Structure formats: structure tokens, C-alpha cells
Amino acid sequence: MENDRYAKELEVAVRVVHVACALCRRVQEKLFSNDSDHVLSKDDDSPVTVADFSVQATVSWLLSSTFGVENVSIVAEEDIQTISKDDSANLLAAVVNTVNESLALASNYGLQSPESTLGNSEVLEAIRRCNSTGGLRGRHWILDPVDGTLGFVRGDQYAVALALIEDGNALLGVLGCPNYPLKAESLNYNYQHHHETMSESSSLVCDTSEKGCILYARKGSGEAWLQPLISRDKVLEWPNYAQLIRVSSVDDPALATLCEPVERANSNHSFTAGLAHSVGLRKQPLRVHSMVKYAAIARGDAEIFMKFARSGYKEKIWDHAAGVVIVEEAGGVVTDAGGRPLDFSKGMYLECLDRGIIACSGITLHEKLIAAVYASWDSSNL
Ligand SMILES: Nc1ncnc2c1ncn2[C@@H]1O[C@H](COP(=O)(O)OS(=O)(=O)O)[C@@H](OP(=O)(O)O)[C@H]1O
Ligand SMILES: [Mg+2]
Ligand SMILES: [Mg+2]
Ligand SMILES: [Mg+2]
């Protein structure tokens, strides 16, 4: 039956992301309680933490144990370079600990726990196995273990993103957003609070029972779903414990909210400000770390997400695949700046991406923005 296709994969992916989100929360609590040194820099100077490696190992192990290691191909962000350096013994030990702790809890989420504790080499192997490059043929899981690592270390927004592509098409998307409040206003509040005080961690301290959700969708279903991050007994009732979400119906630019990356280094804020102005947006942009921006569009908390990286930067498929499926099934539109759909079939990068990414709650806003890009490109300074 067509409707049942990928049902098992989706259910497993959602459960796996629940496990991963719980892992991230535990690591984030530790990060703030003992000021640990577990934030490292990768070769490109971007941050990476115990959580990034631990989630990648955990997801890798769980997918392999569920579907069989020979059936699982994973394209993911992290490799074992940083973590297998001689001076990374502490980091590796922390990762192995965290992975074992999480996998032991996996059976509470309806997944298989290992029979015995994993050793260093097994954990490294689980991380290393996620070295597929994807492409046009076959089935590949696409994983960003922690998206918005900067948000994660700041105690702000971050996401765990898992997607499934088959023959280059993104079919399933799951986004875990552990710090995304169930009420939209709090996203706004957190951001402004954060911004005004320039504090790097103050927005973390609030009631976590109100926070955290997982969004998921299957391509072509016309439905996107939201689950609160919930205690394990409720996960077992899945999928009963989920609600349908839908994009915003606002199509008047004056009422629309734009969200975009926090870091100027990741997106050209002045270019998007110019576009926003030319289509008649009035509100201040909402700057949010990670694929929570896609979640905000899918949930109807914002209408537009734009990202224009500096020229020369190649967008990675794990930063977008899950978000695109969810936004589209929730009724939104996602394309590059030329109006073409994102192409996940070219390996780990969005090779053919035309300039930037524009995701909207509907076609009216989307067409206006594409036209504005077309009109303003010549005068831009990207
Ligand atoms: N130079 C540059 N330009 C554009 N994009 C970059 C760049 N460097 C990194 N990245 C990718 O951006 C991911 C984070 O995107 P965000 O939208 O969350 O950025 S921000 O933190 O809000 O500024 C981030 O994902 P994670 O590494 O998973 O955090 C990167 O894949
Ligand atoms: Mg990312
Ligand atoms: Mg990441
Ligand atoms: Mg990273």
C-alpha cells in the first residue's frame, strides 16, 4: 500500500530523534553546570561538542541495529578526525560515556539497546560509518547530529535533523528542537531577551517542561506533525501523541515575519534586509540558530526564512533536507533564489544551489521574494 511506504522508517526515525534530543539535553545541562571544556574547534574553526559526536554515534548505532548495518547508508556532518587525535582522549571518553548512557535508555523509546556497553572502537566505528556521500542512487539517511552547534553552546536554539533520501529525493524529514517552546511567543521572547542583554546563556534558564518538540513529515502525504518532547512512556504511544501542523495563512508582507541565521558570517543580513524592504516587510527579522527556522515556518510561527551565504560557501544537504520535507508537507514552498527546488541528489552539497535559500509559508510571499531577488541582484554586494 502506497500509504504504508516508509512508515517503519519514519517511526524509527522519530523515536531515534527522541533519544538524540534527550541526549542533547543531558549534555547541555552538564555544559552549563560544570563549565566543561567539551567545546572544541574543527579545522574550519566551527564549534563541535560531545553532543555532536554522541548523537551521531547513537543515531548510527540505532539505525544500523534496526535495519541491519549492510542496509544503512548515512551522510552526516561529523568525522572521526577531531575525536581520534591523541589529545582528545577526554573528549572520546565523554562521548563513549554519553553514547552508552543514551543507548541504555533506547529500549524505553521502543528501540533496541545494545546487549553490552560499547567500547571506544565501536563508538568510533559508529561515527565513521556515517561517511556516505549520498548521491542520485539508492537510499541514504541524512543526519545533522546537532544543527546550530553555536546555539547549542549558547543555551539557545539548536536542532537534531534526520532525513531519508531515495534516488536523490528527500522522502522523510524529522526535526528535533529541544529548546523550541511549544508556544510561539516564547521563541520571540527568548530571542529578544537574548538580543537585548547580549547575554550568551541567560535564555536557557526557564521551565523546560514547556520546551521541546519534534516535527516530522513524509513527502507527498500533505501532512506534517508535531510531538512535544515527551517522557518515554508517552513515546511508546506514538503516533497517537502528535498534532497536525500547518504553515501560516498570512500572505500580506506587512504582517509577515522573516527569520534568518543569527551569525552575519552565515548569511548576508543586509542583502535580506534589502529584499525585506522591497517586498514591504515591516517587522524586525527573527534571528534564530539552526533548522528551528524551518520548524518555525512549518508551525506557522513565521512566514519567511532566507539564507544567503557568502559566495564560495557550499550548503550541505544535512542543513536542509529534513526542514524542506517538513515545510513543504505543512503547505510551504522552499526553493533556491532562482526559484528552483533544492537538489539533494548531488552528494553532500547542494551543488546547483542558485545563490541562496528562500522558504515561505505560501506562494504569494515566495513569488514576491523571488522577483525581488531578480530585481536587486545586480546591485547587491554578495
Ligand atoms: N560560512 C558559513 N556560511 C554559511 N553557513 C555556514 C557557514 N559555516 C557554517 N555554516 C552552516 O550553518 C549552519 C548553521 O546555520 P544557522 O542558520 O543555524 O546559523 S546561525 O548559527 O544562526 O548563524 C551550520 O550547521 P552546524 O555546523 O550543524 O551548526 C553550518 O553547517
Ligand atoms: Mg548544521
Ligand atoms: Mg551540526
Ligand atoms: Mg557543525
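Placed from the backbone N, Cα and C atoms, the Cβ positions cover glycine too.
Note that the structure is a prediction, hence the values are computed from the model and not measured.
Proximity of ASP147 (Mg(2+) binding site) to non-local residues of its own chain (separation of 6 or more, Cβ distance below 8 Å) is seen for TYR158, ALA159, VAL160, ALA161, SER290, MET291, TRP318, ASP319, given in sequence order. The Mg(2+) binding site annotation in TrEMBL covers GLU77, ASP144, ASP147, ASP319.
In this view, the densest Cβ surroundings among the binding-site residues GLU77, ASP144, ASP319 belong to ASP144, judged by other Cβ atoms lying within 10 Å. Annotation note: ASP147 (Mg(2+) binding site) sits in a strand segment as assigned by DSSP.
Among the binding-site residues GLU77, ASP144, ASP147, ASP319, the residues whose Cβ sits under 6 Å from any atom of ligand 3 are GLU77, ASP144, ASP147. Note: the Mg(2+) site is recorded as GLU77, ASP144, ASP147, ASP319; in the same chain, LEU143, PRO145, VAL146, ALA159, ALA161, MET291, LYS316, TRP318 also have Cβ atoms within 8 Å of that site's Cβ centroid.
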